[in-house]
Structure formats: structure tokens, C-alpha cells
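Annotated in Swiss-Prot:
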BINDING   ASP17, HIS18, GLY19, LYS20, SER21, THR22, ASN134, LYS135, ILE136, ASP137  GTP binding site
DOMAIN    5-187  domain 'tr-type G'
Amino acid sequence: MNNQKYIRNFSIIAHIDHGKSTLADRLIEHCGGLNAREMSQQVLDSMDIEKERGITIKAQTVRLVYKAKNGNTYYLNLMDTPGHVDFSYEVSRSLAACEGSLLVVDSTQGVEAQTLANVYQAIANDHEIVPVLNKIDLAASEPEHVKKQIEDIIGIDASEAVLISAKNGIGIDSVLEAIINKLPSPKESSTDTLKALLVDSWYDPYLGVVILVRIIDGTLRKNMRVKMIGTNSVYTVEHVGFFTPKKHISDVLYAGEIGFFTASIKRVSDCKVGDTITDEKKSCEQALPGFKPNIPVVFCGFYPTDSAEFEHLKDSLAKLRLNDASFEYEMESSSALGVGFRCGFLGLLHLEIIQERLSREFNLDLITTAPSVIYKIYMLDGESLEIHNPADLPDLQKIASMEEPWIKATIMVPDEFIGTVLSLCKEKRGIQLDHSYISNRAKIVYKLPLNEIVYDFYDRLKSCSKGYASFEWQMDVYELSDLVNLRILVNGEVVDALSTIVHRSRAEQRGRALCVRLKDLIPRQQIDIAIQASVGNRIIARETIKALRKDVLSKCYGGDISRKRKLLEKQKAGKKKMRQYGNIEIPQSAFIAALQIGGE
């Protein structure tokens, strides 16, 4: 489409479960992107894991053709975005490729914490925002009340908000007309020189790397020689196209359009999300600003259960990194687990999803170590360090001070659950910053240590509020803290994979909980097994797995007592040798247990 006034690029932003993927389904259905036989729920949620969990993980794009009431045909490029805070990087990339957004709010629940986070990102990208109130067919729907909430909390005019029921297809025409009449078209191309933003990329086993682009200026054609400005790599374009949501091959993409191209790219490192793509012969003068990279805040180790799978894990992580630029990894080794990778994530759900994708898509069986965050260490000799692996923590005698990251959390909760939510935040060492009411819902702002959040905070928040509380957070500051390295010893040997950095006030509780759980998980041997938790040289918790007793006298039916004594002495000597040289095998379930002791 060469006339930009008939193009609209827009995102759908909303809190989890407010109906953005369902609305996307109805828009595709209404515009004839798929016929009735091909339609399925959550069309744009392409991964099985997305459909099973009912969440969007990857931002998806689709081109819709719509004949408006004014008689003109418009080309609508829709970017469906995730709602969970852990996938905010996906949201930011989608918003950078668009000029406007549909803000979908559940009219039975109102504005939630992650609605705020995503809408503020849209405002930062200078988006025109159209409020859409979903689920108006339900008896609990309160559209007028929610309109007032949007105006009071977000500060945008909601008087002309579109009322819809995405599930039943009510009001879809009104949404499409609002997109045409209220959202701006792309800016006119200022030059014929190709300038395109690399929005996303993924690996296709047949085509190599597939790149999703938003064309800012010029045109992208088949057989063009294009250059990635960030890496200076040059490729010949083989296929150009867009999604309807089926893959549709065309010969050209014009300014203002969103589409994909392939160029037999085999090196994953050449495709950096946010890079600028231009014509090799006639390069653009200035690169696009790209995206602000998201910094991982939660780290853990991935180790293959079979060491022969290491290379497969390495290749799999490279392919996933291409598809999800917000997680990072580097090689590390552990005396207990062998060689693996230290990986960084935007949150615990992000970690869980990556782990599940490695298992499903690449058939990998992994051991995952306990999650940790980045700590700042200041040494007595003036040196400063940043560590996220407890094994790298220097001797406490050489440390002058340590700082841990704190977050600013916004929690929206119905007023009947305020007491339990405040108790949970207090238990997690939280400091209350603000407490206000919007009708029957409370908005609580807390300052919380990230270390306390990465274990089980989200699950416990949902549990204590019966699923009604919503939670959004952002990094705040680093502050001095009394931190210690909690180490686990099995038969006197430190198991580095189970070490974790905790606040001194929580060390005994967490150490005791882990010792009790390991006692149930490690199989009994023919010797006593001591499981200990230590801070420095002090043992703070201990559990003992009692030995299995083998009856060596079972074959003796009487006779000289010296024969029995000889057998018992031999058994005693054998057990002494086992205590000295025996290795205790720790099952994988013990390492998984380390992820689940946060609230005990």
C-alpha cells in the first residue's frame, strides 16, 4: 500500500485476562483474515504454552483489510501485545512500531496495575489512545464507573470509550471505525532511502532467520542488498511479505507498513532487535533510536541433566535469544552440576516460560538452580563488584558493605483484602509509600526488596486476595543491606548449586526450610547423612537422614560369638570408609525444591 493515509498501525494494550487476544480474534474474523473453519481461540497466541496458560507471551502482528463506512479501504497493522509485567520488553517493541493504541479495560474489574504500566508506555511513545470497555454483556459490568476510573487514574478522556463484548462480537464495527477516525496514519516518508526498524526476529528451520520490520522511509523489495547498521552485516533479501495472520508473500513493503523478510541469515548475532536496516548502496544518514534495552533482574543457572546435551542447550539458547531479546545467558560451571549457563530474566514468570519453551520446543531436560538478583559489593580495598551468583560472593571478612536492589510496587486490590496484602508486604520487609482509594479498590504503593519478590510473592499475593489483586513493579534504588551467603552442606561438602544470598533476618528460616525439604528428597544410604545450612563458619540449621541398617548377622545361626563380632567390625570399618570417601547423589527434585522455599 503506497498511500500512507490509508494505513493504521496500532497495538492492543491491557491487563491480563481483560480480553485483548479475544478482541484481536474478532477483528481478524470481521476483516476476513481467516475463514470460519480456520478460526480458533487466541489465533495470535501461536505457542501451545500461551493457549494453555491463557496469556500472551510474544507480541504478534497481523495485517487486516477493512472497508470503512466512508467507502475507503484501509490497511490495519495490528500488534497484539502481552499484558504481564515480565514481558514489558515485548510491549515496548510493539508500541515503537505503531502510532496508536486500543486501551482495553474489563468493565467488570476496572483499571488494574498492569493497565497503568502499559498505558504509560504508550503515552511515552506519543500514542493516540482509544479506550475500549470490554465484557459489557456481563451483569457485573459498570461502564460509567470504569470510564470515570480511566479519567481519574490515567487522565485521558473516556467519554467516547467504545463499549464491546469481544467474546460475543458486540461493538466490533465501532472499534474498527474508531481506529480509522481517531488513530493517526504514519508520517509521510521524508526520503526514498530505505530506513526500517528491526522489531522482532525468530528462527525458521527452512528459511533461517525471519525478521519483522516497520518501514519508516523508502521501500523494501525482493533481491535488494540490505545492511544492518548495528552489525554492518549485508544480506540479499530473498522473500518479503506480511501476516494476515497466514504468511503472505509480496514483492515489496512500502513506508508505514509492517512486514517480514528473509535473507538466508544464519548468524543469530547479526539480528539485534532495535537495529536499523537500510539499503547497502544508498545508506540512510542516521540510525533510528531503537529500543531501550531491558536489563535482566532475576538470574538462575540452567544445567543439562545429561552432560552430552550441553551443545544442544547452547544452540537452543541462541535460537531462543533471537526470538526473545530480553533474556541473556553466559556459560558457567558448578562442581555439583557440571557445565551449564547462567541466564538473566525480567521476572520469575519469564524464567518459567523460557524453561518450559526449552523443554517443549527443544526437548531438553534441565536442572534449574535457585533464582537470585544482582547485588553490589563494596570491598575493604575500595574495589566494587556486581554479582548475581552466590558462588562468586567474596569472603565476608573482606567486604565493607553490600547493597541489594529495591523495587517500587503498585498493587491494586479490593478493599476487603487490604489486611492480608499489607501483612504479606510487611513480611517481605516492605516499606509503605502510598495508600489511596479509587471507589471500592485500594491502590497501595510499596517499596520492596527484589530478593523477596523473586521467590513466591506473586503467587502468594494472588492467593491471599483470591485472585483479585494485580501487581506491577519497576526498579527503584540500591540500598545498604545486611546480606549473608546461605550455604547448604551435605555430609560436610558445600553444594554450590543450592547456595543463595539472603537477608540475615531470613537466613535461619530459609536454611531450616531447605534442610527439612532436602531430608525428604535425598535417598537414605548406609551411613547417616548430615544436611546443614551455614552462614560463614556457623551452622544455623541441621537435619540428619538416618542410615539404612543392613543386617550382616542374618546368615549366622549360632556358633562362636567371635564370628559375629568379626562381621560387625568389618561393617563398621566399611561405613567409616564410606563416610570418608562416599559421594551422596542429590536428585534433581532437590534442586527444584530450592525454588519453592520462599514463603516457608
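Backbone N, Cα and C atoms are what each Cβ position is placed from, and that goes for glycine too.
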Quiz item: Looking only at ASP17, SER21, which of these binding-site residues has the biggest number of Cβ atoms within 10 Å around its Cβ?
Solution: SER21
Quiz item: Should GLY19 (GTP binding site) be counted as helix, strand, or coil on the basis of DSSP?
Solution: coil
Quiz item: If you skip the near sequence neighbours and keep only those at least six away, which residues in the chain come within under 8 angstroms of GLY19 (GTP binding site), Cβ to Cβ?
Solution: VAL104, ASP106, ASN134, LYS135, ALA166, LYS167
Quiz item: On the Cα atoms of ASP17, HIS18, GLY19, LYS20, SER21, THR22, ASN134, LYS135, ILE136, ASP137, which are listed as binding GTP, what is the maximum pairwise distance in Å?
Solution: 18
Practice problem: Rank the binding-site residues ASN134, ILE136 by the number of other Cβ atoms within 10 Å of each Cβ and report the first-ranked residue. | Solution: ASN134
Practice problem: Would you mind giving the whole-number mean pLDDT across the domain 'tr-type G' (5-187)? | Solution: 79
